[in-house]
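*Asks:* What follows is a structure written as structure tokens; I'll ask about it next.
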């Protein structure tokens with residue numbers, strides 16, 4: 001009996017080390033950033049079983065077999081749609097400003113279409129204004145309404161939006177609503193899904209959380225886009241979820257969430273519509289390609305129209321494009337670069353681009369919330385401050401709530417607004433969307449918003465920062481090491 005126990009023990013030990021060796025080899029063979037690989041290896045060697053289970057669950061990008069097959073199947077029809085859209089030459093910009101040209105050329109080469117012109121944009125900073133405008137647009141809708149959000153939290157004005165959407169469906173408007181399963185868990189546990197479906201709205205729970213399939217699909221891959229399209233002509237996107245900030249996370253101790261949304265009219269709605277149709281097909285298997293822009297209602301003749309490029313990320317979309325866009329924007333800056341983000345855990349390349357911009361004389365500012373709803377990200381962000389301050393970057397800590405706006409402004413002319421946080425999850429994993437806008441007028445509007453944020457912020461003093469306690473430095477370095485995984 002002792003011999004059997006000994007044999008079993010040796011086999012268990014051998015299997016244990018073979019498993020560690022196999023996972024180690026898999027990590028090394030994957031094309032990933034060195035810091036990310038090193039962080040995973042450290043976890044696996046310190047906490048082997050926990051590390052291996054965690055890596056198999058969230059260490060690699062698994063969309064899931066069924067969704068991956070749908071993503072592959074949709075691209076021939078999507079590519080044909082994009083090729084047909086090119087026939088509408090009047091909607092595409094032929095020239096861009098010097099600061100925006102490199103980024104727009106990158107997007108055109110990687111996504112297959114140029115930026116679209118003739119759009120009218122309106123920046124909106126108050127959630128009440130956004131929802132009231134949206135309710136009016138829903139009430140005036142004639143054909144279709146499509147929405148996708150990471151979070152839909154019942155309560156307050158979000159319920160008024162839901163009521164108006166159901167009223168639209170009852171009068172024959174085709175309404176589709178896609179919500180992330182994890183982000184909108186409160187919504188899916190409420191009566192609202194059944195009420196909406198009974199009214200005729202197609203409601204889809206995207207990327208359902210299922211612990212039984214944790215090793216078949218990455219559970220922390222999330223649908224993080226916030227988009228609304230109405231009648232192939234009106235569109236919204238930005239950082240705001242479908243929540244009333246007066247009712248949302250009031251016990252988090254960070255204050256109300258501060259967001260930014262853009263309301264648009266023009267062919268940009270079509271460009272965003274194809275992104276939505278791809279998401280819808282990946283999730284449901286149903287194809288809903290949008291119609292081409294209606295030349296009879298598009299404001300092409302208006303010289304004040306904005307030129308916009310949509311940048312989409314996520315499985316099935318051009319790999320690393322949003323990361324490349326941010327790098328290109330940083331390297332294109334000559335006068336100033338202003339960034340706002342709630343979660344700042346940049347890649348080494350992005351950190352280097354930001355610091356290099358400051359070191360070559362660009363006025364670089366980063367606006368972050370002083371209080372963060374994620375302790376891990378908050379500490380990890382601090383680990384980058386010393387290097388940023390040494391390079392001459394100004395760090396503003398916003399004190400008026402949780403600044404949730406995601407924006408970049410380059411030389412007052414190139415603007416980036418959307419859903420992308422400056423962290424690994426947004427840059428490499430989630431379904432995200434960013435708008436690149438080449439327009440001085442819009443840049444001035446965004447600059448005014450960012451100036452308002454700065455007026456409600458505290459500038460981080462480099463000398464005081466260097467005097468912070470030793471325990472804070474240790475905590476920052478610890479979280480910094482694991483930052484590639486956050």
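Using N, Cα and C of the backbone, Cβ positions are placed for all residues, glycine too.
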*Asks:* Write down the single range among 3-23, 66-86 that appears in Swiss-Prot as transmembrane segment.
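*Replies:* Spelled out, Swiss-Prot records transmembrane segment over residues 3-23, not the other listed ranges.
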*Asks:* Take the Cβ of residue 224 (active site) and count every other Cβ within 10 Å, whichever protein chain it belongs to.
*Replies:* 25
*Asks:* Taking 10 A as the limit, how many CB atoms besides its own sit near the CB of residue 411 (active site)?
*Replies:* 20
*Asks:* Same chain only, please: residues at least 6 beyond the ends of the domain 'PLD phosphodiesterase 1' (219-246) with a C-beta under 8 Å from a C-beta of the stretch. Say none if there are none.
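*Replies:* Long-range Cβ neighbours of the domain 'PLD phosphodiesterase 1' (219-246): 57-58, 61-63, 124, 127, 130-131, 134, 137-138, 141-153, 155-158, 161, 178-180, 182-183, 206-207, 209, 211, 256-257, 259-266, 268-270, 272-273, 275-276, 279, 290-291, 293-294, 297-298, 315, 404-406, 417-419, 425-426, 429-433, 435.
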